[in-house]
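Features of the protein shown, as given by TrEMBL:
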type	residues	note
SIGNAL	1-23	signal peptide
DOMAIN	39-186	domain 'Neurotransmitter-gated ion-channel ligand-binding'
TRANSMEM	221-242	transmembrane segment
TRANSMEM	249-267	transmembrane segment
TRANSMEM	279-306	transmembrane segment
REGION	310-346	region 'Disordered'
COMPBIAS	321-339	compositional bias 'Basic and acidic residues'
TRANSMEM	355-378	transmembrane segment
Amino acid sequence: MALQLLLRLTFLGLSITSSLVHGEGFQGPEAEGSESIQIPNNGSAPLLVDVKVFVSNVFNVDILRYTVSSMLLLKLSWLDTRLAWNNSAQPQHAVTLPWDSLWTPRLTILEALWVDWRDQSPQARVDQDGHVKLNLALTTETNCDFELLHFPRDQSNCSLSFYALSNTVMELEFQAHAVNEIVSVKREYVVYDLKTQVPPQQVVPCFKVTLSLKNTALKSIIALLVPAEALLLADVCGGLLPLWAIERIAYKVTLLLSYLVFHSSLVEALPSSSSCNPLLIYFFTILLLLLFLSTVETVLLAGLLAKGSLGAKSSPSPALRGEHREHGNSGPHPEEPPRGVKGSQRSWPETADRIFFLVYVAGVLCCQFIFAGIWMWAACKSDPAPGEAAPHGRRPRS
């Protein structure tokens, strides 16, 4: 009798023309006759499906699009007593049946943008006592709410929520386990932890796989932090040039224009968010303001110094006139730095420039230490999503 049941299920599976959906869920048979395959009855308790999730690869972590791609293998097992047979009548210990010839859970990944089920016609293995084992391999791209406050040393948790939308929690229950099988660490983001859980108070059965990602930060440090700090150091060194030197203005303006080009490309490289934006965005904006302030100070004080020098030349003192007559026939003199008074005493624009340089250096150092402190102690909690009040598959909050 049991053997006849197995043969009938096999012929039924071969006659059903069903499709494996390349979208968010692994769907069961939809053709005519598939409605007769009901979920196994486990009495008053829901059917327990054991799920082992093997994560073999995580790639294409895109913080600008807030997406991550991963490769998974799901090993599902459950008990269907309808498929058991007597070992004395049939000595075979196990048989292999098409997945669409018996009941299988229809899984949907809530966060998925797309899902590629690698085997479009998986085979289920059925033991003589009715235990069913089904392996599903898939590649998927899912949304992930990255926590990028401390980018590029950020750590984020990305969830993959598997729902069985065609069943209720009274009919079906998942027991999930996760195994990290990633062997390659040559990537920007690495998986340092892997967890599974069955969320409570759900309307439909589900289990969640959480990938904990950590940024290795080497690429971002070389591409972002090193050029920014080098430009800031070059600007500080530019303050050592004398104020009357024409090269100083050209030097400062060149640095400012270079940083503006760097900042424009930086805005495209750094991610943005409605809350908890990366601290580096504010840091690079402060650096831009410091470079702008330093350039404006150089231009203003150099202009005042040049104006004072022109005024002194247009109305020289009597002593300077006599000295000029005595040396009127001498050869050309090398260019001398303009001074407001005789001797080595600085003019007031040069004195102001020296004071500004010292204050500027102290301000730059303070900004570095303050930012380091904020980086270590700052914390930010993202704003709750609009759907948090009634998440998918969960009872609405009162």
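Including glycine, each Cβ sits where the backbone N, Cα and C put it.
Note that TrEMBL annotation is computational and uncurated.
Mean model confidence of the domain 'Neurotransmitter-gated ion-channel ligand-binding' (39-186) amounts to 92 (pLDDT, 0 to 100 scale).
Counting residues of the domain 'Neurotransmitter-gated ion-channel ligand-binding' (39-186) by DSSP class, helix then strand then coil, yields 6 helix, 79 strand, 63 coil. Remote same-chain partners of the transmembrane segment (355-378), defined as residues 6 or more beyond its termini with a Cβ less than 8 Å from a stretch Cβ, comprise 149-150, 232, 236, 239-240, 279, 283, 286, 290, 293-294, 297, 301.
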